[in-house]
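A short worksheet on the structure shown next.
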Amino acid sequence: MAAGNTYSEEVLKATNWLQDNAQKEAFSYVFKTQKVNLNGKEIAWNNYNKDTTDAEMINLQRGAETSWDQATDMEWESEIDSLTKRQVLIFDSLVKKCLFEGILQKNLSPSDCYWFIQHEHGQDTGYHCHVLLGGKGLQQAMGKWFRKQLNNLWSRWLIMQCKVPLTPVERIKLRELAEDGEWVSLLTYTHKQTKKQYTKMTHFGNMIAYYFLNKKRKTTEREHGYYLSSDSGFMTNFLKEGERHLVSHLFTEANKPETVETTVTTAQEAKRGRIQTKKEVSIKCTIRDLVNKRCTSIEDWMMTDPDSYIEMMAQTGGENLIKNTLEITTLTLARTKTAYDLILEKAKPSMLPTFNISNTRTCKIFSMHNWNYIKVCHAITCVLNRQGGKRNTILFHGPASTGKSIIAQHIANLVGNVGCYNAANVNFPFNDCTNKNLIWIEEAGNFSNQVNQFKAICSGQTIRIDQKGKGSKQIEPTPVIMTTNEDITKVRIGCEERPEHTQPIRDRMLNINLTRKLPGDFGLLEETEWPLICAWLVKKGYQATMASYMHHWGNVPDWSEKWEEPKMQTPINTPTDSQISTSVKTSPADNNYAATPIQEDLDLALALEPWSEPTTPTFTNLHLTPTPPDSAIRTPSPTWSEIETDIRACFGENCAPTTNLE
């Protein structure tokens, strides 16, 4: 250390290194030996100094000897004899071998771990070695496993280095004594309620600075203190005793609070106070991760975060803990997100500029029925966003192979947190539908005695349902998506048909009747289809609210909703969705004029308006400009509806309907 307040580079580096690692968690192990008597043969701590031919062991001992010599204060001569020094160097190499082999057995990289080793001699404990071990992938639940592995490795290496001649039986006995006697111990604490031992994690940098660096070095046989220390960053290996104390002092001063806050705690507040355990913190972190990763089932948890799943499964009552953790996760998603939110967040913004909604399989299915597919998709998103009011159910019905289940299954898979109606469970059909973002009813039939409960759920009411083996549980308003080949509005209880339920059921349904059979090679919907549809609708101004729906389409959808109105007509030579618009009828007197829109690019949402606001451009309020002579006018391509009108005019109204080429 230089004069004044200028500190050596080694001291500053060590202090900064401890600051960077102050709050990192680490296991605290103690390696030790015991005095053993086997058939009259005394084995003490200084009898494990057998010569070795292992090159790695020799290199480790040389490195430890270099640290010992450079850390020795030359102002006095150490009274530690050479045999004791050699024994400590051998123990240092054995401890490092045990650490590296244990890390490799766990498939961890030594470069991802940090450690600190200090050899000491205590008044009551004799020789022992403190080891702090932490790193990426080392969690609290692994502490006892590591202790067992280190204990086995430590006993094996001690037998190999024992200089006392032993028979094979005595070697086995010595190893049993080392393993059963736990010659490698782990810092633990006793739980107040369970009275069990749990691993106690320490703060790596704080433990070194406040505890290990303040100890005095052993220089004589009568004194007690430390022999040698080393770490993974080579920061304390060569520090002399005075420099170690200085590093500890600088670290303490840097972490000393500037002001001391004084608080007064009453006896009642102290009684209510509770220390948050490590287990509680771990569960809270796990729940937060599961919510962020949208894990709603045990299978999803196993695939996305197997480490936390195994950690909980290994604890006492692990199955119940996993079940309760998932229940909190699904409840959080159900209360904070809608099914529409979970779909929309999966949209990739990079794909939206090139996205063509008319090329999606969903819109192709709707186009086969000559429907305005933008209107249908807008209505579906409103229901998924809990904006449909009493009409809280999306009903896909019609013959087989018309695309009902394809769309419903795709939406359900995107939502993830889905509950299924179980018709086979007569007493508890909605047992799986609590704390969900969507309820999926596949191939619905006659609801019979459950019709009243069914109507309440389909209308988005908050009701309580019975669960098997449990008490009743509340179902919050949850959108329902349903597919069926039957007429679910006809309710039969026994042999009696109950027509009074027909109209209430219709009032709760967004009726989408699919009748066109799909070809065999139609395929499934792409994973990105509906997220991009939702994002495209938002971009074009079709918000998933009923106010937006009524603004664009005039009224809320009912059972007999005409999805084909307003019609969507695509010119023959412009098949892109950006040019879809409603046709404008003109009179013969207007043929000499061309309608010029007020804005260059008329928004698609505006083009599909079935009516006009005072500020909405229509044919009557567009700026009309004279057109050039007929020879200079490029005749626009006719639309399919105009072609159909001409054919009907030529062949009469009784001609066969034209084929829908859209």
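One-based numbering along the chain as shown.
A Cβ is built for glycine as well, from the same backbone N, Cα and C atoms used for every other residue.
Source: prediction; values computed, not measured.
In Swiss-Prot this protein carries:
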REGION    2-275  region 'DNA-binding'
DOMAIN    22-262  domain 'PV NS1-Nuc'
BINDING   GLU120, HIS128, HIS130  divalent metal cation binding site
REGION    192-196  region 'Ori-binding'
MOTIF     211-215  motif 'RCR-3'
BINDING   GLY398, PRO399, ALA400, SER401, THR402, GLY403, LYS404, SER405  ATP binding site
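Beyond the ends of the motif 'RCR-3' (211-215), by six or more residues, the same chain brings 116, 118, 120, 130, 225-226, 229, 236, 244-245, 247-248 to within a C-beta distance below 8 angstroms of the stretch.
When other Cβ atoms within 10 Å of the Cβ of THR402 (ATP binding site) are tallied across all protein chains shown, the result is 21.
Around PRO399 (ATP binding site), the same-chain residues at least 6 positions away in sequence with a Cβ under 8 Å from its Cβ are ASN485, LEU514, THR515, LYS517. Fewest other C-beta atoms within 10 angstroms, among the binding-site residues GLY398, GLY403, are seen around GLY398. In this structure the alpha carbons, written CA, of HIS128 (divalent metal cation binding site) and SER405 (ATP binding site) are 69 Å apart. Summarised by DSSP class, the composition of the motif 'RCR-3' (211-215) is 2 helix, 0 strand, 3 coil. Other C-beta atoms found within 10 angstroms of the C-beta of ALA400 (ATP binding site) number 8, with every protein chain shown included.
Residue counts for the region 'Ori-binding' (192-196) under DSSP, helix first, then strand, then coil, are 0 helix, 0 strand, 5 coil. For LYS404 (ATP binding site), the same-chain residues lying six or more positions away in sequence with a CB closer than 8 A to its CB are PHE396, HIS397, GLY398, THR483, THR484, LEU514. Each of the binding-site residues HIS128, HIS130 was scored by the other Cβ atoms within 10 Å of its Cβ; the lowest score goes to HIS128. In sequence order, PHE396, THR483, ASN485, LEU514, LYS517, LEU518 are the same-chain residues whose CB sits within 8 A of the CB centroid of GLY398, PRO399, ALA400, SER401, THR402, GLY403, LYS404, SER405, the residues recorded for ATP being left out. Other residues of the same chain near the divalent metal cation site, with their Cβ within 8 Å of the Cβ centroid of GLU120, HIS128, HIS130, are VAL30, PHE31, LYS32, GLN118, HIS119, HIS121, GLY122, THR125, TYR127, CYS129, TYR226. Here the C-alpha separation of GLY403 (ATP binding site) and HIS130 (divalent metal cation binding site) works out to 68 Å.
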